[in-house]
Amino acid sequence: MVNAGDMNGSGNLMDFLDEPFPDVGTYEDFHTIDWLREKSRDTDRHRKITSKSKESIWEFIKSLLDAWSGWVVMLLIGLLAGTLAGVIDLAVDWMTDLKEGVCLSAFWYSHEQCCWTSNETTFDDRDKCPQWQKWSELLVGQSEGASAYILNYFLYIMWALCFAFLAVSLVRVFAPYACGSGIPEIKTILSGFIIRGYLGKWTLLIKTVTLVLVVSSGLSLGKEGPLVHVACCCGNFFSSLFSKYSKNEGKRREVLSAAAAAGVSVAFGAPIGGVLFSLEEVSYYFPLKTLWRSFFAALVAAFTLRSINPFGNSRLVLFYVEYHTPWYMAELFPFILLGVFGGLWGTLFIRCNIAWCRRRKTTRLGKYPVLEVILITAITAIIAYPNPYTRRSTSELISELFNDCGALESSQLCDYINDPNMTRPVDDIPDRPAGPGVYSAMWQLALALVFKIVITIFTFGMKIPSGLFIPSMAVGAMAGRMVGIGVEQLAYHHHDWIIFRNWCRPGADCVTPGLYAMVGAAACLGGVTRMTVSLVVIMFELTGGLEYIVPLMAAAVTSKWVADAFGKEGIYEAHIHLNGYPFLDVKDEFTHRTLATDVMRPRRGEAPLSVLTQDSMTVEDVETLIKETDYNGFPVVVSKDSERLIGFAQRRELILAIKNARQRQDGVVSNSIVYFTEDPPELPPNSPHPLKLRRILNLSPFTVTDHTPMETVVDIFRKLGLRQCLVTRSGRLLGIITKKDVLRHMAQMANQDPESIMFN
């Protein structure tokens with residue numbers, strides 16, 4: 001049982017105190033906040049500041065500072081999130097290349113940076129320069145041959161294992177909450193749940209360091225999801241510096257919503273997409289002012305990352321692309337097919353990953369997280385190295401798959417047979433027959449696709465920071481690029497077919513395989529996360545072209561429809577349910593015809609409800625009740641006979657009030673009468689001094705009648721963010737319904753285990 005209303009009135013919580021006692025209004029770990037009470041407290045605080053601001057210039061300045069504190073917090077979040085993202089990008093770039101070789105002129109340079117500074121690099125061999133040496137060249141003086149290949153292979157695996165072992169050890173020892181994506185937990189926290197330490201300073205530090213290590217190790221995971229967690233840690237840190245946010249859990253969650261937007265902004269270089277992601281996917285309560293502040297935080301974060309310029313191309317992400325060829329109506333069919341593939345991949349991934357994670361939780365496998373990470377890393381490195389498309393970092397792979405084949409491209413995917421008589425501008429190269437390099441690349445991509453699909457299922461959910469955006473996009477981009485090359489070759493060799501005749505004449509640049517890769521990436525990411533609007537905007541901001549919004553929308557909507565046909569849950573909701581977090585999803589529908597009386601406690605045959613009376617219990621009686629029960633609050637009634645409801649008192653505040661009264665008010669002893677009324681009860685002479693606790697009593701707890709449909713009760717819990725509501729009939733108290741009871745009932749109605757809701 002937990003409190004659902006606001007604390008009655010403002011000011012002192014106990015009549016004998018001049019100021020509120022410490023820790024009042026705070027919550028225990030793994031408990032749900034009361035949105036109504038937090039809102040009421042903030043209104044009282046604001047009213048107090050406004051009235052004081054008319055008293056003096058200093059109070060007026062303080063009121064201005066209070067009003068601007070929200071924008072200051074957003075500025076600080078944007079600056080720190082952008083800086084951390086830039087540092088992570090630079091470190092990942094260097095450490096990924098460290099697995100293959102080292103720069104002799106400056107060991108802290110990545111391969112690309114090393115060859116930028118070289119004067120001996122030719123255009124044809126722009127990836128080769130004397131300053132950059134592979135490990136085989138450095139150790140045995142050979143760059144070619146079987147021995148050099150085996151040595152490079154061995155050192156690649158060793159570096160990967162070293163990075164992964166260091167990451168999982170740091171997480172295990174210093175910050176267990178730094179593992180995983182973080183988005184399921186952040187969704188739960190934003191819905192009002194308290195997980196102490198999840199957004200702490202240690203978590204921020206360890207997650208930032210280990211994120212670099214795991215992405216560099218070559219595991220099939222991304223940094224984009226964990227960057228949202230990192231940004232929310234920044235938001236939590238800065239909100240703790242301002243009492244407006246540190247003392248109000250509801251206000252703190254507004255800051256965290258904006259921080260999530262900043263995280264996506266720096267992850268994808270998409271400030272608007274970040275705001276929409278926070279609104280659509282993460283946030284539970286998103287008022288209009290949070291929208292503006294999210295936009296500002298995302299803008300500052302993107303600007304900071306742009307100033308750092310981690311990729312040296314003045315772009316915020318590695319896989320930014322621009323296309324010059326329009327798309328045609330006939331291409332909508334393969335785009336929709338990619339949407340279907342994305343939906344099917346999303347369903348397959350969610351089911352297999354949840355089954356594996358459940359197995360991990362319920363078997364001995366979960367007891368050896370370090371061994372699991374080492375094993376998966378070893379398998380990934382051994383299989384990935386021989387294939388050039390899995391050896392490189394996933395972001396580089398996506399970048400190559402998205403790219404349009406210009407005249408300057410040296411990739412295997414651009415090994416087309418050129419017409420020697422061609423005289424066209426370089427950005428408008430006509431469709432050409434595929435060369436041997438393209439066919440070879442198609443085989444390698446097909447193998448890489450199968451490998452990515454399988455290994456990602458086992459990688460996501462291990463005890464290391466692991467994002468899902470990039471692996472999902474890579475799966476879609478590989479499938480899309482292969483489809484794109486297939487359509488391109490079909491159009492080239494059969495341009496007289498009726499579907500190609502109108503838009504693909506010989507010598508024209510009709511099909512852009514890179515666009516198919518981008519549409520495939522959007523489809524697969526949508527299938528896994530069930531994002532729609534924010535996904536399309538993120539992908540549109542990646543390409544910088546409005547022209548491709550319709551293909552992206554078609555793929556995203558198809559992907560969601562197909563995936564929803566097999567199950568409504570996205571990967572984050574599935575992990576929330578797997579972990580038993582008390583999350584009431586707004587998207588879920590409750591259609592069962594049950595009543596409040598079917599769900600409320602106590603049930604028939606159970607002990608009666610534990611209540612306080614308004615003026616007939618002693619301090620000892622209250623302390624005994626608190627000691628013998630673990631409820632988080634108690635209804636207050638006129639008497640146990642009448643059961644007329646007066647209000648609701650929180651357990652934590654009762655404990656604090658009695659403790660403070662014993663310390664600071666003379667005459668309060670174990671047999672002192674506790675009363676919640678305005679006037680003290682009539683007591684016999686020589687009775688100990690009574691204790692008045694009216695100020696901690698919520699006089700307007702939320703109540704429903706016993707015949708209220710559960711559909712309405714569920715809606716009330718979702719929209720008002722209640723912790724509990726009391727059930728009455730004609731003013732008499734019958735029982736109580738907590739958020740946990742609602743979740744348990746919903747699980748029961750869906751034929752699931754009601755005890756899977758683990759937390760309060």
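Counting starts with 1 at the first residue shown.
Keep in mind that glycine also has a Cβ here, set from the backbone N, Cα and C atoms.
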- Item | The annotated transmembrane segment range in TrEMBL, which must be one of 227-243, 312-328, 550-566 | 227-243
- Sort out the residues at least 6 away from either end of the transmembrane segment (368-385), same chain, that have Cβ-Cβ distances under 8 Å to it, and list them. 153, 156-157, 160-161, 164-165, 167-169, 172, 217-220, 360, 391, 451, 455, 458-459, 462-464
- Secondary structure tally of the domain 'CBS' (600-664) (DSSP, helix then strand then coil): 24 helix, 17 strand, 24 coil
- Looking at 227-243, 332-356, 441-461, 468-487, 515-540, which one has the highest count of Cβ pairs under 8 angstroms to the transmembrane segment (68-92)? 227-243
- Would the transmembrane segment (153-175) count as touching the transmembrane segment (332-356), i.e. at least 3 C-beta pairs under 8 angstroms with sequence separation of 6+? no
- Query: In the predicted model, what is the mean pLDDT computed over the domain 'CBS' (600-664)?
  - Reply: 88
- Note on the structure: Sequence-distant residues near the transmembrane segment (195-215) by C-beta distance (under 8 Å, 6 or more away from its ends) are 29-30, 84, 87-88, 91-92, 95-96, 163-164, 166-168, 170-171, 174-175, 177-178, 182, 185, 188-189, 221-223, 226-227, 229-230, 232-237, 256, 393, 464-466
- Query: What residues in the same chain, six or more past the boundaries of the transmembrane segment (227-243), come closer than 8 Å to it by Cβ-Cβ distance?
  - Reply: 69, 72-73, 76-77, 80-81, 84-85, 88, 181-183, 185-186, 189, 199-201, 203-204, 207-208, 211, 251-252, 255-256, 258-260, 262-264, 266-267, 282, 301, 465, 467
